[in-house]
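According to TrEMBL, the protein carries these features:
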- 41-323: domain 'ABC transmembrane type-1' (DOMAIN)
- 358-586: domain 'ABC transporter' (DOMAIN)
- 36-56: transmembrane segment (TRANSMEM)
- 76-97: transmembrane segment (TRANSMEM)
- 156-174: transmembrane segment (TRANSMEM)
- 180-199: transmembrane segment (TRANSMEM)
- 280-303: transmembrane segment (TRANSMEM)
Ligand SMILES: Nc1ncnc2c1ncn2[C@@H]1O[C@H](COP(=O)(O)OP(=O)(O)OP(=O)(O)O)[C@@H](O)[C@H]1O
């Protein structure tokens, strides 16, 4: 089977030890329990009492076998049996209480962890999302946190009970017959060391498995989305999509198989070693001389059986523990990301007030790993209340400029500032090239713009972008569900929805990046005119490939390979001559009269 490039991610790539050690990861995890110290202590106490009670029964059994039964002492027998029953009942109640407490604490720690990862993932600079991709973030936030949750609420609790049980059983065995107990404990220690080797291997395999599951998520998101299905079918590459999915699926099968076999080998090795203990106990009891009663032998066999069970449980848990640790390492990697502020805290700054001018001084931006800078350095002025059309060939840096203007990308050097000192992120709304829509109704998508939109404003905006006729046709009007990513709407309708939503956001500066690329000429002109009317007292920047109908005062910036090739008002540029060659735009009447110096630096 041909392995497509994406499926060839080396299976051992992440088998290498990650940067953070297991102990450090565990310490960070345990640190999260600090606020719940008292409840954790309560959980520990409950577990301890439950374990002590559970080993008392076999000790009572020795008296049943050695005294009550041979001497036919019915009152003693009834008392011992009654106490044994009561002990097991109380131990069960304590286990339930302990589980409730563990989940109470564990769920709080997990919820906090989930919120922190969400905050970190949300506040990263834009290149983070290009590099990581949606599925990677999804896998960390959902699958890995879920793994940590299972660890916190299940594995830790069972591990605690098991370790305490081992200590209690060991103690009880020492009370019954110390020499035989020592034999069992030494054997348990040896087997623990063997298990450690298996556990390390299982942790590496668990890490590999998580990485592969993330890849599967990515493939599913790419290939089984509407755009992925269209891409695969139209280019007749569905078999390729299937192949790369199966390749990763095979890798998962292999890694899971190895993970389970490693775990099972350790369990079988230890299980069979313990099977050898009863004959050894009988032999020792027969050869150690006096002091070993039949009751002691029976109790030792029972305790040894329990010891074996607990050690095997510990083994199973150590496998889960290693898998959880691998997940926590992945979660920690996200928690270690620098925290950033994505939204200024003054929401009022977005609306009201005079339109600001936007100034770029020596502003430049290069994407990580790209050869040349996508933009700049450039000096540009967008005067208060002006309309500027940004043009240029594909790849000339228009979208990069739009992102800088909206404060969504920081300039690597130079500055992007509003003349009134407002943070661009508080005053600028961007209509990006790709329209993002929520799974919900048309109304919900529009009102996402801001809280408290008056119904009249909603109606005005819908009519302005010619969406009113679309709404009238929809079965449930504004309350029609748009489906995932709003795919029930046409591309042009989605674009108009994005424009309407940005208008409702009521920002003082609006930057529209090719907002009419999917619209016919007439509708595009109507939508642009509506946006201009809306922006009469705002600063507007239109990124466009086609020159819209221009007003004499409209400004134009022509970009070429990230530099400003031309800048000025429409009339100035037409008068200078070179601009018509770049845009194919005819000179409007009277152009030759207006010549004003432009403001660009290439
Ligand atoms: N996330 C990114 N990582 C690396 N390079 C990028 C990234 N985004 C854009 N670029 C590169 O930066 C340059 C400018 O891209 P930009 O999207 O700003 O151009 P544009 O003028 O808007 O193009 P178009 O008209 O095709 O939308 C291009 O060479 C592009 O390949």
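Any Cβ shown, glycine's included, is placed from N, Cα and C.
From a predicted model like this one, the values you see are computed outputs, not experimental measurements.
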- Considering the transmembrane segment (180-199), which listed stretch of 76-97, 156-174, 280-303 counts the most C-beta pairs under 8 Å: 156-174
- In the same chain, who gets a Cβ under 8 Å from the transmembrane segment (76-97) while lying at least 6 residues past its ends? 46-47, 49-50, 53-54, 56-57, 60-61, 63-64, 67-69, 161
- Query: By a Cβ-Cβ criterion of under 8 Å, what residues six or more beyond either terminus of the transmembrane segment (156-174) are in contact with it?
  - Reply: 43-44, 47-48, 50-52, 54-55, 58-59, 95, 98-99, 102, 106, 180-182, 184-185, 188, 299-300, 303-304, 306-307, 310-311, 313-314, 317, 321
